[in-house]
């Protein structure tokens, strides 16, 4: 088959291919690949994005290992997957930094060129027949660019792969090209071998100057960005790029190069051969297990994900517990208990937004891996939920227990358990809401702003700043009050705290008068026709619904984006 690098400029594009085998070798390789006796994990295509979207907390070895478990079939043993992953790492000359963390926004890790090679390693695990590389040399110097592309070319030649790459500044990389496709604003300027390209430009009045890289000459000739400067500056005595594009495009359409390329394509089609086998894939359970382990490791190492919030929650609960230390059963304690519940519901749930930047990074990794078909939305949602559960539990149980003990809220095992579980469910629900926001708003700063706004609206209609019957019925009570999770959380906490309690009342004339918890709940307009466990169940249901919304948004977006691109192309 062929290795196919591609050269690109902002408005011009050049694609190149390198022929790695003769026709006989190609046919023999094709028969070998389609032999049913050979276990072959290859897939048809893969795509490496321009940005190096990788988990910063993982080492190079871990990133490739986890990706191998996600992509390689279950018919391969775990030891075989590890051996294959290490072989791919060595091919890209990354064995010296295998145990170095990739690094990111918090810690410095490997270099940009090494990150690019890790991204390529991830996609080359299955030896795809067609590998797309978007700006594989972006941000690299000429030496690093040549080093990366030469390794890709050697692997592609050995494995019979076709590589298509977009490169803005080819430089020495152009030496690796064997065939070239030049595009200018959607028009084909040339498609053929590199040697034919130089000859084609010479014959049509655009010879390449001595000691100049041909790729730079090709792209400079068809670059229309500076046509105005060429016209205004009398020192320039050459045709504008627009005229050059017209000349070259028209010449190519009637040239022997087009006929030669067309004949080659026809010959390739006539070769035929057995159809490619469908690639074996890892099972749902294998992917889910690998994703859960990877996410668990990532959350453990990322200080901003849960550990910082755990520290803030612990300090906040300790402060609140000491401020409201040992609440008695006086009449004034009723308001004090309501204040503690209100503060904790608002503060802890609002602080859950702090994990959004880390989750936004996870979403970027998910989008990149989803684009390459490594796994689906279902595996991502379930694995994220499973891996986050122990961290959320620790983050809530310890601070919640400190707060409950210091404030002296209603004692009882079921009361304490309900308090902690409800706080936990509120945090899970907020993270579910932020998942939906992350699917719609990719930028984490905008996501925090939107998430804060959504939380603020829900708090306003939660039923504690204004009693439910005092809310304006249009919009604010129907439907905002009933879709605010604060309503169900606060009312559940109220029931948990006041049911079965009595408080001394100094507001009544009778001596030793008391007020029951049921009367307090009626004054707070708490819905008493269902128990507090129903409130907890509603919170759980809302968390599930928001995660299903995330699933639906991603699925719908995947279907809409290709249609939008086709519509945009048709308009152009």
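Including glycine, each Cβ sits where the backbone N, Cα and C put it.
Record note: among 274-297, 418-441, 442-465, 466-489, 418-441 is the stretch given as transmembrane segment by TrEMBL.
Listed ranges 237-259, 306-328; the one TrEMBL annotates as transmembrane segment is 306-328. Counting Cβ pairs closer than 8 Å and at least 6 residues apart in sequence, the transmembrane segment (306-328) and the transmembrane segment (380-406) reach three or more and so form a contact. A Cβ distance under 8 Å defines the sequence-distant neighbours of the transmembrane segment (340-360), meaning residues of its chain 6+ beyond its ends; these are 302, 304-306, 308-309, 312-313, 316-317, 320, 324, 327, 396, 403, 407, 409, 423, 426-427, 429-431, 434-435, 437-438, 442-444, 447-448, 451-452, 455, 459, 462, 464, 486, 489-490, 493-494, 497.
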